[in-house]
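Q: The following block contains the structure, expressed as structure tokens.
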Amino acid sequence: MCGIVGAIAQRDVAEILLEGLRRLEYRGYDSAGLAVVDAEGHMTRLRRLGKVQMLAQAAEEHPLHGGTGIAHTRWATHGEPSEANAHPHVSEHIVVVHNGIIENHEPLREELKARGYTFVSETDTEVIAHLVNWELKQGGTLREAVLRAIPQLRGAYGTVIMDSRHPDTLLAARSGSPLVIGLGMGENFIASDQLALLPVTRRFIFLEEGDIAEITRRSVNIFDKTGAEVKRQDIESNLQYDAGDKGIYRHYMQKEIYEQPNAIKNTLTGRISHGQVDLSELGPNADELLSKVEHIQILACGTSYNSGMVSRYWFESLAGIPCDVEIASEFRYRKSAVRRNSLMITLSQSGETADTLAGLRLSKELGYLGSLAICNVPGSSLVRESDLALMTNAGTEIGVASTKAFTTQLTVLLMLVAKLSRLKGLDASIEHDIVHGLQALPSRIEQMLSQDKRIEALAEDFSDKHHALFLGRGDQYPIALEGALKLKEISYIHAEAYAAGELKHGPLALIDADMPVIVVAPNNELLEKLKSNIEEVRARGGQLYVFADQDAGFVSSDNMHIIEMPHVEEVIAPIFYTVPLQLLAYHVALIKGTDVDQPRNLAKSVTVE
């Protein structure tokens, strides 16, 4: 959600800002803008509703010169998508971009109106611009004005502030929304995501909660909320912006579906040795902590929540450890009882999901045994704030609908299950079967992808549908949830998932000839139960689409389409059966003509509540 890029240099920075915004497009947005100040203090601002390319075209028509600038992509929260609501916002010579939500913007707006300020947008961000302007009028430097203004804000914010009268300085403040400073040679940068700055630097400082930074071309000074100077370590990033172009693929989502065999190989690299899972990257003290674990609490949102749901079956059935999975936005606002020696596991592709981060911070107050983050972005807030972290190493994921981040999360979770089973002294065959399954997984998915054309043909049946039902049992139920989420995310078809045994408790009332029912049916101990559920749907005229193990004994009929899947090891079946559901959602969206990579109203990284 929302992207920030800022730069202060001797050279013109407009193209640096635009390239940074292009690299943040995957997060989702509805408008874009930038402001540049030259050495004489002349400020030029451009804003456009729509894509960054429209802003870039405007910049070509109105060349921007100046060595100090800030830019932003907006995902609407307060106020509709419009040019007037696009950032940067201005209060005389003060220019502001902001990610997050200012919860007390209404009373602040009334106070500022009473002081004579006029608001020209519906946004909460304009409050920051006027508030800093007011505080600056009371005296002191821009930094002092920001230090007085920031404590008046309630909510989450990552904000960068520029004064056109003093173009030698940028101010930034962080609370709940990430900001990272990029260090150059005689120039410095700031962004909401290090990906935006990789063309200009590899050295970064990640701002911590409550930090306020003063940035010039040759210096970066960081202060806490009291104004006391603090030191933050700079790091050399090896992160690769490896999305590149789409190559032979039509969309990033399609590309990322097909990248999954290699992504999983990357996840496994260096982590399997002599037939065992090797997670020594966790550090020398990790085994001591993990051996104490008597309960696991998983927090996540969206697709990551579904991967947590799958892993619950694994932790309990394979490692013998009770496990609960909760939506992070629910966990943080309820009173919960902490189980003895409970490990908090957080799942997030970006590592910046606001509710998941808040849940992690709450867990530290509640007295959990420790915390472990599973994430795709090194150096993200979730990774930095957790006791332990495991990277999925999926590579940059651009499509808003997560694919390879999901399957690599599951791969990491299954490795963790194997390690915990060994630490608990359980039968060595458990780890052996997991390792064997994971090593086979990339080739199994490659086999599955060869059926893409058949799934594409099936997708035609969904083009005029308004609803769909997904069914699964056991550890395939969360895969049904994920399949339904993918379909609704990118095709805008209302889709729901149920545990197949729940059909008679309500969903069966929805079944008719216009309701497609998608079933995942591996050949496991629940197959016969699942067949009974399928017959209940057939008897009521439902249109069935069954992704079934080739040995499961299904036969296609008028209202039952069987898509045979190669037999796979049972332990990896949930990961494997995810892929055909991803392809189905992709092809349905393609037929319907929706924006596959950036579906309406959605953002890649949800950094506000």
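Here the Cβ of each residue, glycine as well, is placed from N, Cα and C on the backbone.
Feature list, courtesy of Swiss-Prot:
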ACT_SITE  Cys2  active site, nucleophile
ACT_SITE  Lys604  active site, for Fru-6P isomerization activity
DOMAIN    2-218  domain 'Glutamine amidotransferase type-2'
DOMAIN    286-426  domain 'SIS 1'
DOMAIN    458-599  domain 'SIS 2'
Q: Please state whether DSSP places the residue listed as 'active site, nucleophile' in a helix, a strand or coil.
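A: Coil, per DSSP.
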Q: Across the domain 'SIS 2' (458-599), what does the pLDDT come to on average, as a whole number?
A: 93
Q: From the DSSP assignment alone, can you count helix, strand and coil residues within the domain 'SIS 2' (458-599)?
A: 69 helix, 32 strand, 41 coil
